[in-house]
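Lifted from TrEMBL, the feature list:
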- ARG25, PHE26, ALA27, PRO28, SER29, GLU61, TYR187, ARG205: L-glutamate binding site (BINDING)
- CYS117, CYS119, TYR130, CYS134: Zn(2+) binding site (BINDING)
- LYS246: ATP binding site (BINDING)
- 25-259: domain 'Glutamyl/glutaminyl-tRNA synthetase class Ib catalytic' (DOMAIN)
- 28-38: motif ''HIGH' region' (MOTIF)
- 243-247: motif ''KMSKS' region' (MOTIF)
Amino acid sequence: MLLNNPPSTSPCVKEGDNRMAYVGRFAPSPTGPLHFGSLITAIASYCDARAHLGSWLVRIEDTDIPRIYPGSEDHILRALDAFQFEPDADIIFQKDRIDIYEAVIEQLHQQGAVYACQCRRKMLGSNHIYMGTCRDLALPLENQAIRVKVDNQTICFTDRLQGRHCSQLQQDLGDFVLKRRDGIMNYQLAVVVDDYLQGITHVVRGADLLDNTERQIWLGKLLGYPELQYMHLPLAMNDQGRKLSKQNRAQALDLTQASQLLQQALLALHQPRVELDTPANMLKQAIAQWDVTFIPHGTELQGTY
Ligand code: GLU
């Protein structure tokens with residue numbers, strides 16, 4: 001399958017120069033119910049897209065089947081309804097798209113950009129950077145982890161909030177896994193492929209993903225995809241100084257309190273106050289007042305949530 005052109009069937013994607021100026025997205029993983037930190041990401045990605053007269057898509061990142069938390073997908077979908085977000089296309093689920101990711105791995109294999117790796121995690125150095133032990137062994141791809149090769153170069157990008165961010169690919173990252181030995185597609189691959197196929201132009205997400213961005217830019221370059229604009233939001237922290245996350249079982253959003261939570265999330269982003277109303281009306285106000293320059297810089301929000 002040739003994946004250099006996004007499918008023309010997607011309502012929001014036009015090929016080549018006709019791509020929309022702004023297509024944003026919210027891409028939660030169902031590894032737990034949505035929490036206040038996820039709400040901040042959803043609101044910021046939505047308001048930023050709408051304030052740019054862009055479209056906004058939702059993708060459920062559910063390739064890592066063992067980490068799916070029962071009921072969380074349902075909670076995410078109910079939350080999107082409760083907060084009255086309006087995606088511009090049907091929600092896509094990555095678990096239905098494994099063939100597409102396989103085809104991209106094949107494409108990279110033809111380019112000589114990937115290889116099978118039989119090294120176990122404990123064989124990595126103390127800094128967890130893979131030294132390329134299996135690079136030249138030409139092992140068959142079946143039933144092995146698949147790694148993509150990185151070059152000896154530095155990738156930089158300018159984040160809309162965090163400023164310039166760079167990684168030296170070999171020293172800082174090393175060849176990284178696209179598909180695990182158990183057959184599960186890695187987030188790095190699926191996110192890059194789907195951002196491209198959905199015609200995404202702008203990524204707004206939590207600062208915990210900042211350090212993944214150079215890997216994703218590298219992979220996008222290998223595949224000939226256009227570069228994206230990134231904005232990594234400061235993270236909401238709990239009272240133990242840890243980021244709210246599904247893994248540390250942050251409290252699920254109470255969907256009966258959608259308007260109040262919306263107001264709190266906008267204040268956390270230092271946006272002007274919006275009057276309590278239906279979530280749809282509050283989002284309208286928030287979009288009209290949206291100003292990225294008010295969002296605190298840095299990777300953590302002040303205070304606890
Ligand atoms: N699925 C990731 C998460 O829930 C977000 C991926 C992204 O926005 O690039 O943390």
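Each residue's number is its place along the chain shown, starting with 1.
Every residue, even glycine, has its Cβ placed from backbone N, Cα and C.
What you are looking at is a predicted structure, and each value in this text was computed from that prediction instead of being measured.
Recorded features from TrEMBL, shown on the structure.
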residue	record	contacts (Cβ under 8 Å, 6+ apart)
ARG25	L-glutamate binding site	SER45, TRP56, LEU57, VAL58, ARG59, ASP195, GLN198, ILE200, VAL203
PHE26	L-glutamate binding site	THR41, ALA42, SER45, TYR46, TRP56, LEU57, VAL58, ARG59, PHE85
ALA27	L-glutamate binding site	VAL58, ARG59, ILE60, GLU61, VAL191, ASP194, ARG205
PRO28	L-glutamate binding site	LEU34, SER38, ALA42, ILE60, GLU61, ILE76
CYS117	Zn(2+) binding site	TYR130, THR133, CYS134, LEU139, GLN144, ALA145, ILE146, ARG147, ASP175, VAL177
CYS119	Zn(2+) binding site	TYR130, THR133, CYS134, ALA145
TYR187	L-glutamate binding site	SER29, GLU61, THR63, ASP64, ASN212
LYS246	ATP binding site	SER29, THR31, GLY32, PRO33, HIS35, SER38, TYR69, SER72
Contacting binding-site residues, sequence order - SER29, CYS117, ARG205 vs ligand 1, Cβ under 6 Å: SER29, ARG205
Number of helical, extended and coil residues in the motif ''KMSKS' region' (243-247), per DSSP: 0 helix, 1 strand, 4 coil
Pairwise C-alpha maximum, in angstrom, for the residues (ARG25, PHE26, ALA27, PRO28, SER29, GLU61, TYR187, ARG205) that bind L-glutamate according to the record: 15
Positions whose Cβ lies under 8 angstroms from the motif ''HIGH' region' (28-38), at least six residues beyond its ends: 60-62, 64, 67-69, 71-73, 75-76, 79, 187, 206, 235-236, 243-247, 249-253, 261, 264-265, 268, 305
TYR187 (L-glutamate binding site): secondary structure state under DSSP, collapsed to three categories: helix
CB contacts for GLU61 (L-glutamate binding site) [other CB atoms within 10 A, all chains]: 18
Secondary structure of CYS119 (Zn(2+) binding site) (DSSP, helix/strand/coil): coil
Cβ neighbour count (within 10 Å, all chains shown) around CYS134 (Zn(2+) binding site): 19
Helix, strand and coil residues within the motif ''HIGH' region' (28-38) as assigned by DSSP: 3 helix, 0 strand, 8 coil
